[in-house]
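Record features, source Swiss-Prot:
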- G282, R283, G284, K285, S286, A287, A288, L289, G290, L291, R443: ATP binding site (BINDING)
- 531-713: domain 'N-acetyltransferase' (DOMAIN)
- V601, A602, T603, Q608, R609, M610, G611, Y612, G613, K614, N700: acetyl-CoA binding site (BINDING)
- S907: phosphoserine (MOD_RES)
- 950-1008: region 'Disordered' (REGION)
- 970-982: compositional bias 'Basic and acidic residues' (COMPBIAS)
- 989-1008: compositional bias 'Basic residues' (COMPBIAS)
Amino acid sequence: MVKKKIDNRIRVMIENGVKLGHRTMFIVIGDKARDQVPILYDILTKSTVKARPTVLWCYKNKDEAISNHGKKRAKKIAVGKVDVNEADLFDSFRVATTIHGRYYSETHAVLGRTYGVCVLQDFEALTPNLLARTVETVEGGGLIILLLKTLQSLKQLYTMSMDVHKRFRTEAHQTVTCRFNERLILSLADCKRCLVVNDDLTVLPLSSKTINVEPVNPAGAGRSPNEASLKELKESLLTVQPAGALVNLCKTYDQANAVAQFIEALVDKQLKPPMSLTAARGRGKSAALGLSIAAAVAFGYVNIYVTSPHPENLITLFEFVLKGFDALEYQEHADYTIIRSTNADYKKAIIRINITRSSRQTIQYIAPSDTHLLNAADLLLIDEAAAIPLPLVKKMIGPYLVFMASTINGYEGTGRSLSLKLISQLQKDNNARPPLKLEESIRYQENDDIEKWLINLLCLDASTVPSISSGCPTPDACELYYVDRDALFSYHKAAEAFLHRLVSIYVSSHYKNTPNDLQMMSDAPAHHLFCLLGPVQRMDALPEILVVIQVALEGQISAQSISDSLGRGKKAAGDLIPWNVAEQYGDRDFPKLCGVRIVRVATHPNYQRMGYGKRAIQLLKDYYARKHTNLEDGPVASKDAGKGIEEVEEEELSLLKEQIRPRSRIPTLLQRLHERVPEHVDYIGTSYGLTTELLKFWKNAGFVPVYLSQKSNELTAEHSCIMLHTPNATPWLGLYYQDFRRRVLKLMGKTFREFETKLCLALLKNKSVDTEGSALKVLDKPMLDVYFLPHDLQRLESYARQQSEFRLIIDLLTDIAQLYFQGRIDGLQLDLVQQGILLALGVQGKTVDALGLELNMPGNQLLAKFFDAMKRCNQCFRSVLEEHIEGGMLREADLSKGEELQPLTLSLDKELDQTAQKLSKQQRKELKRLKAEQLDEFQIKGTEEDWSKALETNGTGGGSGLLSVKSGVKRLDGPIETREDGDLAAPLSKKKKKNNPKQRRSQGKSLI
């Protein structure tokens, strides 16, 4: 193999980094780029006088040389089972080096750890988040090596399709412009500690800043300006134990001072406000917490709890706990025992240390969600508090000593959660002292060029918002401008200053930001930026930004995609509002509409609550309603104008001669709204975490809620709410809101029970939507019978008359509240407090005491308001019943007034004669009918004389009470049955009966 001399600039660059304690970046281009890593690593090891540095190797797909297969091969080589190919340097490198292979999806576990070399391959899988996580783990003097495949020009990266772009594309917007990659390459050209080489380590002329690399003078290099102060502090605490032994382990004056402050708080053993420690990456926060834990053990604290987003983030913390134990002369196994996790995801991280030297003490890791385990805590330490959801951090603070540390800029701290919300709230509520700050870097020395490059690239220093010196213009004098993203991410000096201002407003006014948001802002094809500016005073200076609005176009989804989504459960990327609304209401036509979603509205923190946000939203609504007309004669810019990324032909490329420079033709950064044609939209929407203030803001802006998530957000513990506004009046928005209000009203007693009453009332009332066309049926008697029994109404009547207490009608409040808030009870007028009481007691199921605390009202006043509301409700129900009864009665207009009466044609005498004739005729007819019948058998026998004698005989008392007279007809001896039909007559009895003397005496007589 022919050996080639390596460019001396590579060796000088690495040696300078080791002398200065600064990191060095190499971009290796070519298919054999991986084979150059051992060479660069060998130069590094020869330049340092310490143990061989560890390597963090990150990849998207499994790399057999780095993963388990490579480890097994390295073991076989070490024991001599496999011969090492001397030509293959990678085998020797693999055997002699500790390499930690990580998938990009697992890099969250490397936070807080330190490596000597970081290798990043599979450039298409890189994201700003991954870049920030991995680069910041490299110590001073270490290497960051970025491996790229063969390229004809670095400008090919401008149009490379990145993996993250799949999430940016939507069905209606497929073309992605790689503005972030262009800005990344241009920023590398400005970095003095970055070299671009090919796969035979030939240095490429990326920029003129790396043409000459001169060795630095090692005299005074790497020394801290506060070294004398650190030495003085260590000497002053030398005789004070355990503080002296622990402070002696600190590397910087800031870190030593922080440890001393923590120890001072531990000595008192009294409940104090939480102490905070803030710093940028690599300043030694975790190490300071670890030494403080060792001091707490020495002072006798029994239950010490440590929490962090992930146990692997605490590797440095526990490492310095053990170093503190060594300084205090604790012996492992004799004085303490280490327990590691058996969870495969935690990679055998330390989760517990049991100390048994003088008494039983415990250092225990708990997950951020296990706040219920802190009841017996004596000390709680929270590492990387900014990466933990803010509600969980608030729950952790209790009646025990709390130390917390967090990154306020850098990857973990790119949100205002800790620096602006939590710490300021602690200072206000608990009278806590200002947070301790670590300025000096430990992982690498100050003025590290790689740190400056990364901060500028990802705008990680945006936590400090520049103040505006131009005063407060009136909102009506401010105008909204469209921001051209090609110009914003062109890496022009003015554009960079404007971008940093814009991102700083984002970070300071939004809960959580990540570096990935910057790439979405730059590359997502459906996203657009607007900013509200005051009156421009100077034309030679950048205008001050008051409000930033980021929007995303959504909708225009095909019928086939809608069918796949709703029928098969598949959802495409993006289009948040169309998919959620279509799924919520089963409307297959809504995703076909074109809409715009307001992703963020960020107001400068010094000018919040002054009407600027409302003004910006109003101008945006007018813009998409096409109310901004161009009064000039010049042509209007197309909405697709300004595609600033130039495609370069391969014949024109030369990697060995190419120098990267910003584009010479840059479009206008800011455009007036009338200079750009707006996209056609059917609605404007927004999605945000529901709070009372934000709901009030969007309602005042004319938006209507149509969706409320039942699952709260893990980071903010808020429920996502979608609100819509239509430029033109549409009936479907009122129907959506009517259904939304009905659903939310039912869920307020379940999922949304913990909501504040005023928030629930705000959800149920909206003046921006017309619900008249979708009004429900007003309460009537049949509906009243469905909801209430007569006895229920009697109970309500009894309470209204003060004849019973309110608990007797508590069960009726649910139905009353449902009817009232659905608008079914016509004529029932309640004030705002009465509405809140009815909603809280009837729907949310809150108690009177809890509601009194929430509304800040005494119980007797609350019940008085409640009584008045129920009295009015009873009157409405009575009016419904009265109307029903009146409806069943004849109205006065329906009564007969005699208009249809006619005079009689006959006189009274003639009418009586006529009736008598009819009666006589009827009697004669009846008599004739009776004569025709045979009534002889019913004739009573005997004469008048016979009946008189019989009566006299009976009257004297000699008889038996029966009257008997002679009939004059002789009866036969046997019974005779007369039949009308002789053939059917039954035969006479053949058996002859004996004559009875009594029967013979009574023959011929008839008994009555």
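Using the three backbone atoms N, Cα and C, a Cβ is placed for every residue, glycine included.
Taking the binding-site residues G282, G290, G611, G613 in turn, the residue surrounded by the fewest other Cβ atoms inside 10 Å of its Cβ turns out to be G611. Cα spacing between V601 (acetyl-CoA binding site) and G282 (ATP binding site): 32 Å, rounded to the nearest whole number.
For S907 (phosphoserine), no same-chain residue lying six or more positions away in sequence has a CB closer than 8 A to its CB. Taken together, the residues in the domain 'N-acetyltransferase' (531-713) have a mean pLDDT of 82 on the 0 to 100 scale. Under 8 Å, Cβ to Cβ, and six or more positions away along its own chain, T603 (acetyl-CoA binding site) finds I505, S509, L546, V547, Y612, G613.
Residue with the densest Cβ environment among the binding-site residues S286, N700: S286, by other Cβ atoms within 10 Å. Under the DSSP three-state reduction, S286 (ATP binding site) is assigned to helix. Counted within 10 Å of its Cβ, the other Cβ atoms near R443 (ATP binding site) come to 20, all protein chains included. Cβ crowding, taken as the number of other Cβ atoms within 10 Å, peaks at A288 among the binding-site residues G284, A288, V601, R609. The Cα atom of S286 (ATP binding site) lies nearest to that of R609, taking the binding-site residues R609, G611, N700 as the candidates. Separating the Cα atoms of G290 (ATP binding site) and R609 (acetyl-CoA binding site) is a whole-number distance of 42 Å. Recorded residues A288 (ATP binding site) and G611 (acetyl-CoA binding site) have their alpha carbons 44 Å apart, per Cα-Cα distance.
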